[in-house]
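Student: Before we start, here is the structure in question, set down as structure tokens.
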Amino acid sequence: MKYSSFLLLFIYIFFILNNINAQSCPSTSSTWRPTMASFVTPTSPSIATIQPQLDFLLGKNNLVFMGQYGYSATSITDGPTGVANSFTMNYDTWGPAMHWLVVKTPVPALKANQNYEFSFGFKLGQVLGSYNKIASISVNFFNPADITDPNGGSQYFVTPAHPAVYSKTVTTGSWTSSTTFAQNIITLTPTVDIGLSIMAIQITRTSQTGPAITTMFVSNMKLSIPSRTVPAPPTNLITKDSELIAIPKPLSSLDAQDSTTCPYLATDLVHWHDPTIWTSGVVPLPSTSSNIIIPAGKKVLISPCSINQTGIYQKITIPATSELIFADASLTMNIQDIYVQGKFIMGTTKCRYNANINIVFNGAMTTVDTIAQYFGSKGIAVASGGFISVHGRQYHNTWTKLAATAWSGDNVIYIQDDVNWIVGQQVVVATSVYQDEKYPENEVMTIAAIQGKVIQFTEPLKYYHYGGQEYQAEVALLTRNIVFQSESSSAASSFGGHVLVSGEGQFAGIQLIRMGQRNIKGRYPLHFHMANTVSKSYISDCSVVSSYYRCYTIHATNNVTVTRNVAFDVNGHCYYLEDGVEMDNTLSFNFASYVHTIGTPAAGYNQYGQDFTQSSSLAQPADVAAGGFYITNAWNSFIGNAASGGWAGFSFPNLDAPIGNSINVPIVPKQFTTKVFQGNTAHSSGYFFEFGSSIYVGGDLSTGSDGLLVYNSGRISRETYLNGVESGGEIWMRFNNTKVYLSNRGIGMWGERVEVILLESHDSIRPGSLFGEAWLSDAIVNGQTGNLLSKTTDYSRQGFQFYDTYVKTILTNIIFRNFVHNPLSTSPEDDNRVIISMTHSDEFKPQFISATKNITIQGTAVSQYIGHRIFDTGSSRQFNFVDYDGTISGRSVPTIFGAHDKWWQFDNTCTYNNDWNSWVCNKGTYEVASVSVEVPGYMDRSGEYDATSNVGYIYLFGSGITDSRRMNVTRNVGITGISDFGWYLYWTVGTPSYIKLWLSEVPYGHYVFFAIPYPASTTFKVSCEYKYNSQHSYNFTQATSAAAVRSGDGKKYYFNGTHLFVKVINFVLNGSEYFSRGGAKINDVYWEFIVHITATNTVKPPVNGFYTGLTDVLPSSTL
């Protein structure tokens, strides 16, 4: 009896405690409402005139002990107990007299001629003696490329290749005490601005460490930027973010509001805290097991007093006829699952909420569907037919850009756009370094004061953020007043909450923190899932922060608008189009930053890249190449977005078929071109893979025979057609008004057709790598900007590298700027040249595949215009391009650039440029032609022979040429040279008895006049054929002279007893076979028009198919 009474009392107390909030609601009347939140912009303090000191702390966790020897993993250990920010240096016996403490993390940028302080406390572990006496301490700032990478795992300090950018050595200091920490301050005054650097402290003793282990203690080591007066505002604030292109921006006005439409004003609402609406007659309590079902046909209003704000509710189900409506009043709800079949309302399009509403998702990691079948656990799921509307206060713009460079130590920044941000909110200032993951310099800052476009932070910036005319670091608002987040303990499992919508959904003004469930498909922070074509769905001005898995996902859903959102610190692809069937969606004015791959980033040592297969630790294998925007189907609109960091900023993988839930949809996703790609920006990406880029059209994603996804990160061709079907006809993939900077290859396109119109590229290794029929026009390609962090020898700059075979590349209306000679370069390819040849291969050789027109080169020495590496390969010997107006050559007439061999010196207009390693000639009426000379079993297209497999030479002859103008020929087929000239082909092993000439590129109206040596008394059968029909098959007849052959119709040959003369013309052509853009033209490589030459000689028959012993004699110069 006593036990029963006690139990009843306990239940009563538990009920009272858990309903204390409900009991505080004054009324259950349908007319009662809590006081709704209102918003008055808080008054900001004035901008303070003093910026505080910035201390960059150095300790055990961000230092590496290095030396030539005498180091180990325990060379640095914890400091003495009770001494804050301290560490111990442990010296082994007979170690070297010198060692280094190298900083693992980026250090602040330092201005020339300003004073900085390096300080530390120091104490000897043993009494001062001959083996622990310090002679000097030196503080050094090195270019990262010059010393051992402190994050690379090695403690061996490589002797720097070059002197430190700045160094300060002191030989006196408080280094002798073994009883107390003595303070040391070293003043640093750099003589040059220091951008990206590695700080290394060299400690030198008077001798080796001796026979006994010694220790030294260091406390509170730091690099300090002293407090100073806030500088006067710059007079040259950026007002236009680009010089050439136009990056669109959202409307400046706030979304229209009408408070009379707010959902909490409806007269037919009932209160959550009204026990009479519940079938049990009791207001539901937080519980670890109960499913709270909203009464059918009811619109239930939640007020702060309605619920317990500390207990965890297990699950809420909203039936199809019901609605759950939140009041615009601040509250916190802890929940595991919410299942929406009806409506979930927390503000609307016309009634954004002002309250601070915090929804905290709780729950341990599981793959059990606790929300509903297929909808997972720990989050909100909206069923097909359901509706969700969540609208927080609008902060606009959600992101902007710097209007001036911000230095390390600054606590005031200037931005370009009007914003209505407020004191106390957090922003992220994006990085201005190339390798975002290696040197993490994104900074989350808190607003202390804001006056118009001037923002002051509570603390100084640690790093340098560039805001020059070329480009400017983004500044994005992270804070929102409605927050969906997971409990902080979820970080250990990366199992956060998720929001999944299979019906219609409208989201605006939400911050999502620690959301997503790592490697569980379909469990993303904000996710439209298999909703088909929607009519009123959008995600606007939200933020995703510290996501475990993605940001904003569109999965098998069309017609969604995703606009003005931001994301920061994200694992896996961020803005994510999942299966390849997603079309007609609009992603506009969004920002993604600091996006991390899952697992080791995809790399590889050649164009193939690497292969990855789906696994429990990599549910989507393409996440090894995670980027800001992942686009499995290009037929969507991308307008005014920006991506900072990631493997790529924008990634277009190739899908031969949809994947996942959409695997049976009968389309080929990779055949769709971009619907709209306008005004997008990407930077600080593309560097994990040699062939990576910030906008990457490449890689392949498919479903294997075992049902697992397979991803290849490398070169995959992409054909694009109108409406995504081959019968629709070929169409070019187009990128308009694009900016790339601090990038590897800017825009990387492995496909067959691409147009890049209006491009700015700054501080990138290359502006792009464009394959197929490619046109780059109206661009600025800037090798070096004013960004201090980009002034490094870590990577070279190339204006554009022409490919080596079977493409067509046209560059028009381009300004190349600031390609400055690198005195440390070892070849033209790393010497910051404007036009670069590709010379590594003998198997792949260029035809006429590259052309330019209207090129302007600024801030660049003429010697830097062309970078051609002389290499013993066909691709080096046959490098060529046409400068259609002579703006590169400076001749003001169409010009042919040819490689280093005299083979390219075809007339008296040709001059050799030693800086360029190239011949430069007036084009005149000539074209560049290419012929594949094949000898079955010896020289054929299927062979892959060594570059040194020389078989002879090709010479120019006739036209008054008397000297030797030749080029090596190897067993790898393909000879490119000048049309309408004599080509004399000599084999050192003897002339083959059968030769097949594929006229791969002999343009319409032009020819090649061949001369080939044979022994006397040889007879010939010469014919031509087109593989695909017999209309142009001819048997050649013998002419009366070589001159008659050259002036003839291309169906004759002549043998003068030493040389066979054959004029080859492609009879299939009609003059339409070319790719033309911007006033430049490249002729097609035309497949399989063949000339056959069969030689017979009974007097001196061939030996193993070759006529040997022939003299190498140039034909007459008068021909």
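Positions of Cβ are set from backbone N, Cα and C atoms, glycine also.
Per Swiss-Prot, the features are:
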type: DOMAIN; residues: 276-404; note: domain 'G8'
type: CARBOHYD; residues: Asn308; note: N-linked glycosylation site
type: CARBOHYD; residues: Asn559; note: N-linked glycosylation site
type: CARBOHYD; residues: Asn736; note: N-linked glycosylation site
type: CARBOHYD; residues: Asn854; note: N-linked glycosylation site
type: CARBOHYD; residues: Asn968; note: N-linked glycosylation site
type: CARBOHYD; residues: Asn1035; note: N-linked glycosylation site
type: CARBOHYD; residues: Asn1056; note: N-linked glycosylation site
type: CARBOHYD; residues: Asn1070; note: N-linked glycosylation site
type: SIGNAL; residues: 1-22; note: signal peptide
Student: Rounded to a whole number, how many Å is the Cα of Asn736 (N-linked glycosylation site) away from the Cα of Asn854 (N-linked glycosylation site)?
Tutor: 19
Student: Quick one: pull the CA-CA distance for Asn1056 (N-linked glycosylation site) versus Asn1035 (N-linked glycosylation site), whole Å only.
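Tutor: Spelling it out, the Cα of Asn1056 (N-linked glycosylation site) and the Cα of Asn1035 (N-linked glycosylation site) are 19 Å apart.
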Student: From the DSSP assignment alone, can you count helix, strand and coil residues within the domain 'G8' (276-404)?
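Tutor: For that range the per-state counts are 5 helix, 58 strand, 66 coil.
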Student: On the three-state reduction of DSSP, what should I expect for Asn1056 (N-linked glycosylation site)?
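Tutor: For Asn1056 (N-linked glycosylation site) - judged by DSSP and reduced to three states - the answer is coil.
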Student: Along the domain 'G8' (276-404), what average pLDDT does this model show?
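Tutor: Residues in the domain 'G8' (276-404) carry a mean pLDDT of 98 in this prediction.
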Student: Select the most exposed residue of Asn308, Asn559, Asn854, Asn968, Asn1070, where exposure means the fewest other Cβ atoms within 10 Å, treating these as the glycosylation sites.
Tutor: Asn1070
Student: Restricting the comparison to the glycosylation sites Asn854, Asn968, Asn1035, Asn1070, which residue's C-alpha is spatially nearest the C-alpha of Asn308 (N-linked glycosylation site)?
Tutor: Asn854
Student: Around the C-beta of Asn1056 (N-linked glycosylation site), how many further C-beta atoms are within 10 angstroms, looking at every protein chain?
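Tutor: There are 13 such Cβ atoms around Asn1056 (N-linked glycosylation site).
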Student: Sequence gap of 6 or more, C-beta under 8 Å: which same-chain residues meet both conditions with respect to Asn1035 (N-linked glycosylation site)?
Tutor: Lys1021, Val1022, Ser1023
Student: According to DSSP, which kind of secondary structure is Asn968 (N-linked glycosylation site) found in, if we only use helix, strand and coil?
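Tutor: It is in a strand.
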Student: Can you tell me the CA-to-CA distance separating Asn854 (N-linked glycosylation site) and Asn559 (N-linked glycosylation site), as a whole number of Å?
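Tutor: Here the two Cα atoms lie 41 Å apart.
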Student: What does the structure give for the C-alpha distance between Asn968 (N-linked glycosylation site) and Asn1070 (N-linked glycosylation site)? Integer Å is fine.
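Tutor: One finds 32 Å between the Cα atoms of these residues.
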